[in-house]
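Asks: Quick one: this structure, given as structure tokens, is what I'll be asking you about.
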Amino acid sequence: MSDDESMVLNFSTDTAGIQRADKVTGGRWKDRRKLQQRLGGREPVKRRAEGGDKERGDKRAKVDTGNAQEKKNIPKPVSKADVNINSQIVSSLFTSNRAKQTSENKNKHNSDDKVVPSNAPLTDDSFEGLGVGSLVVSHLENKMRIQKSTSIQKVVIPQILQNADKTDFFIHAQTGSGKTLAYLLPIFSAILGMGDHIDRKSGCFALIIAPTRELASQIYHVTTMLANCCHYLVPCLLIGGERKKSEKARLRKGCNFIIGTPGRILDHFQNTKVIKEQMQSSLRYVVLDEGDKLMELGFEETINQIMEIVNSMDVITRKYPKLPNRIVHLLCSATKNNEVAKLSKRSLDNYKVISIGGKKDTMMDNTSVPDQLLQKVVIAPPKLRLITLAGVLDGIQKKPLDAGSVAKRTIVFLSCADSVDYHFEVFSGNDGLYKNLVGDSVRVLSKGNKILPSIKDEELPGIICYKLHGSLSQQMRTMTLKHFATDSEQTKGKHLILFCTDVASRGLDLPDVSTVIEFDPPFAVEDHLHRIGRTARAGRSGEALLFLLPGEEEGYLDYIQKYHPKGWDLLDAEKDVLIKAFNDIDVARNDKEIKSTGKTFEWDTNATTWHLNVERRILENEQFKEQATKGYISHVRAYATHISAEKQYFNLKGVHLGHLAKSFGLRDRPKAMGMNSSKDANGNERSKPKKENAKNKMFRMARMAAKQSADEFNY
């Protein structure tokens, strides 16, 4: 190859190597943009005038030089202890409150009318004349101090004794009229009238079903007292919360009366063989007490299963020929509604309605409150609810003890268990000045506890506070109720205040309850009648007070007017309650050590100081704050569960929730209100639960089903 034909290649290389474009990362986007422009050979455009830059000066970069003096200026995280609770904005109790619409009492109580107790024992009717056996009559008069029958007992006892072979019975009467003895006395008379030798092995003669554990326990107590006239008759109590093993042991020993709640009785029917053996040849009476509550609590299916088992038993008349030749069904209720009518059709056969003051062959509702009951109504704005309750309790505290009474008893009904816990703490836990008597559910106030304005420094308050709701253990509920209902040296001369849910509203015969306060409106008018029925029992006088909010709730008065033919007194929250309680006294602040000078202040100043004392207690005590928050949230949720017929009066949209939070001692509305909120009651983020696998879910559902079948409804 010649030189001319050779190929020449010309390569040009850069000795510095190939430069890659720098990538700018980190920092603010404006800083990255300016640096990118400088790397590209461009200067960032200055939009601000030079004069303005000079006036403002260059912004100093934040550089950590380790200087201790500069670090002092760095703000620290605020802890709960550093918060000055008195520097918060506190809303006034007496401003921005909604005015009440009811200016005139359309159903005014006439104090001049002569009152004849409608549920009192009759003066001219003895039990012996009604057909009750002489042994039982003697026991009633000498041991139980019961001399005369009531109106409902006068009608019911002869009917059951004479017509038990022919018909079932629906017993409808006012609360406190003596329905329990009305069906127990003829049953005892029929058993004792046989003349045969009877003992606990003779079989079960009566099955009595009650909706709540407390009512079942009370019926058991009354039955035990009656059975003391003949020691060979033995009752047995079957309720949730007790050990089934112990109940089975009692059933094996034998019993003549079985009293219990639906869930536990059905559980024994399904799992305890001896209970059917006890009833097979002897069962003659089945009683459903408080039928409306049985339906309301969802026991319809349970009752149906029990009735199927009972009705499948063969009645062997040759063993006890003097007893009815059939199983007699009795349904008792103080109210009549569609649900009770439904229960009566399913459980009663060819039944007879026994009612005082109405037609016996109709289901027309003629329910009314006892004539001797004095009903009062107070319309209080949301912010004034707590302070008004304090004023009402203070007014009761200042009243003298009724003649013949050992202690004053007041019941305050609330809508939910959390609200009960909160109000119990408000009125009993002031600075720890109390002593526990029964667990943490019964507290006697100590000297220096001035939770009510009329209590003086140098005197003992003379107050015992109780709390009762379905979340307490069965043993605690039983002991609390027993302590409240029993006259003893601990309760003598004192004011007993029971804060409770509707668990204590049905059937309980609590002695000498002078006042019932419905602080939260009832969920149904039937609950209203049963609540106020805890007072004015068996001919005794009593008072009931209903709290309502201004606005839509005032229409509730027209709704319940037909149940109060004697009318009511309409109270003004400020004039009739607060001024009487807080005028001409000195309510000291709980955050200052100031000795009382004897100087008195205006009533509104004292009321505000009292409420601020509660608020400061909540802010200083994290556990108390949690109770207040839970009480508020549960109250709001419970408020939304009123029955549809009463929604027009109790609509959550018409309630100022911020003002309502004030009545729970909260200066701010809790952040966590929804059931599915991502934050807890204190505003902290909730941790997401781990996803459950199929196997664990199956076992959890099985355990839940087993528990529901074994446990009683926790009401």
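Residue numbering: from 1, along the chain as shown.
From the backbone N, Cα and C atoms, a Cβ is placed for every residue, glycine too.
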Asks: For which of the residue intervals 125-154, 425-454, 485-514 does Swiss-Prot record motif 'Q motif'?
Replies: 125-154
Asks: Go through Q174, T175, S177, T180, the listed binding-site residues, and name the one with the sparsest Cβ surroundings, counting other Cβ atoms within 10 Å.
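Replies: T180, out of the binding-site residues Q174, T175, S177, T180, has the fewest neighbouring Cβ atoms within 10 Å.
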Asks: Would you identify which of the binding-site residues G176, G178 has the most other C-beta atoms lying within 10 angstroms of its C-beta?
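Replies: Neighbour-count leader: G176.
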Asks: Give the residue counts of the compositional bias 'Basic and acidic residues' (101-115) per reduced DSSP state, in the order helix, strand, coil.
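Replies: The breakdown for the compositional bias 'Basic and acidic residues' (101-115) reads 0 helix, 1 strand, 14 coil.
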Asks: According to DSSP, which kind of secondary structure is T175 (ATP binding site) found in, if we only use helix, strand and coil?
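Replies: Assignment for T175 (ATP binding site) reads coil.
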Asks: At a 10 Å cut-off from the C-beta of K179 (ATP binding site), count the other C-beta atoms across all protein chains.
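Replies: Its Cβ has 25 other Cβ atoms within 10 Å.
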